[in-house]
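Over in Swiss-Prot, the protein carries these features:
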BINDING   I80, L81, E89, Y190, R249  L-tryptophan binding site
BINDING   R100, K186, Y188, R262, K264, Y266, Q348, Y350, Y414, Y418  substrate binding site
Amino acid sequence: MSTAKDPGNGVYEILSLIFDFPSNEQRLWWHSTAPMFAAMLDNAGYNIHDQYRHLGIFKKHIIPFLGVYPTKDKERWLSILTRCGLPLELSLNCTDSVVRYTYEPINEVTGTEKDTFNTLAIMTSVQKLAQIQAGIDLEWFSYFKDELTLDESESATLQSNELVKEQIKTQNKLALDLKESQFALKVYFYPHLKSIATGKSTHDLIFDSVLKLSQKHDSIQPAFQVLCDYVSRRNHSAEVDQHGALHARLLSCDLIDPAKSRVKIYLLEKTVSLSVMEDLWTLGGQRVDASTMDGLDMLRELWSLLKVPTGHLEYPKGYLELGEIPNEQLPSMANYTLHHNDPMPEPQVYFTVFGMNDAEISNALTIFFQRHGFDDMAKNYRVFLQDSYPYHDFESLNYLHAYISFSYRRNKPYLSVYLHTFETGRWPVFADSPISFDAYRRCELSTK
């Protein structure tokens, strides 16, 4: 794999020689994020042709929708995707070697009077992606967008009455799962602003939208009903039980034929503890089959390795400043996938490791990979992450890992890491490039 210590003639370097950029903003976005993206593709075993294709798509179809390049003194749209408002995040399914990235589409009218709450940019972005990838279907995209994001009238009402006081205004984002030369597209919806406009809770908006959908697509009804019953029991007993109430925070779905698409409901869990995670995993004891129990054993193993601090936590109301070193811990989260013709929702739990030491997290993951036969990942993961930030004191960093997700299906663990993706590789590439994350930067290594 090509690393920052030995750049050679890697895909990123060659494309950087070829590409022209229509603006300095896009040029900065490319050189800030593509080194890590290219290394991740290489590390995950994508062939050279697929690496060029995915990086080319990223440059042509994604970077134009990332907005102004963030600096400490520049006004910009803040995205809920990351704690400092960056609109892009790389993630890696370490056990399946699948690269993924998520972004909140932003354009020139985002945050202006023409689109105060960034409702419109995603429409243009998703249409462009649909032109280059076969199989994208927008039926459920359109349905959930109508149900969970502001319409023109609601946006005008919120704006004219100044009803939105919060920093966090994200309504939707897209994700691409890169599978060989192709990609699968997903959409995520955050109905917080819709909640302000309608007076309905975010939780009710999400569950009501899925209920309506399940009346048309009854093959997801059994799993949805099990999830509804579990959440109802948890929330009914929240005041007397050690576990707190569960609240839906966001929803996602695959942008494919609705007969094959999955719906995922994400629940915010404010109590971080192993017992709560076990409850989320088993749906309060309803899932007790052999595969679930095997997954539970691995979940407990990860909990022991990662050493996530326990506590009852609130999600922060605002963002961290760009470059600010976190001194916080986030609450937990789980999502439940509703598969067609499957009576049980499938859980995926999230270890909230943001703010913890990245070197220690990398070491813990390496042990897990070694124990379960993921030898290449055990050998390469920490090296890849260090080489993505070669000018930083890796032992001191505590913001590279945001979450670690875990699920278990077909007798196999699925573990993904969600990573800080900004000022990667040999940044700054140019003398005039801004540096925001400098708290743990060492003397710059020689590039000779």
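The backbone N, Cα and C atoms fix where each Cβ goes, glycine too.
On the backbone, the CA of Y190 (L-tryptophan binding site) and the CA of Q348 (substrate binding site) stand 18 Å apart.
For E89 (L-tryptophan binding site), other Cβ atoms within 10 Å of its Cβ number 23. DSSP assigns L81 (L-tryptophan binding site) to coil in the three-state reduction, outside any helix or strand.
The separation of L81 (L-tryptophan binding site) from Q348 (substrate binding site), Cα to Cα, is 18 Å. The shortest Cα-Cα distance between L81 (L-tryptophan binding site) and any of the binding-site residues R100, Y188, K264, Y414 is the one to Y188. The shortest Cα-Cα distance between Y414 (substrate binding site) and any of the binding-site residues I80, E89, R249 is the one to E89. E89 (L-tryptophan binding site) has its Cα within 10 Å of the Cα of these binding-site residues: R100, taken from R100, Y188, K264. Each of the binding-site residues Y188, Y190, Y414 was scored by the other Cβ atoms within 10 Å of its Cβ; the lowest score goes to Y414. Secondary structure at Y190 (L-tryptophan binding site), as computed by DSSP, is coil.
Distances between the Cα of I80 (L-tryptophan binding site) and those of the binding-site residues R100, Y188, K264 are shortest for Y188. Spatially close to R100 (substrate binding site) yet at least six residues away along the chain are L90, S91, L92, N93, A175, L176, D177, L178, S416, judged by Cβ distances under 8 angstroms. Whole-number maximum of the Cα to Cα distances across the substrate-binding residues R100, K186, Y188, R262, K264, Y266, Q348, Y350, Y414, Y418: 21 angstrom.
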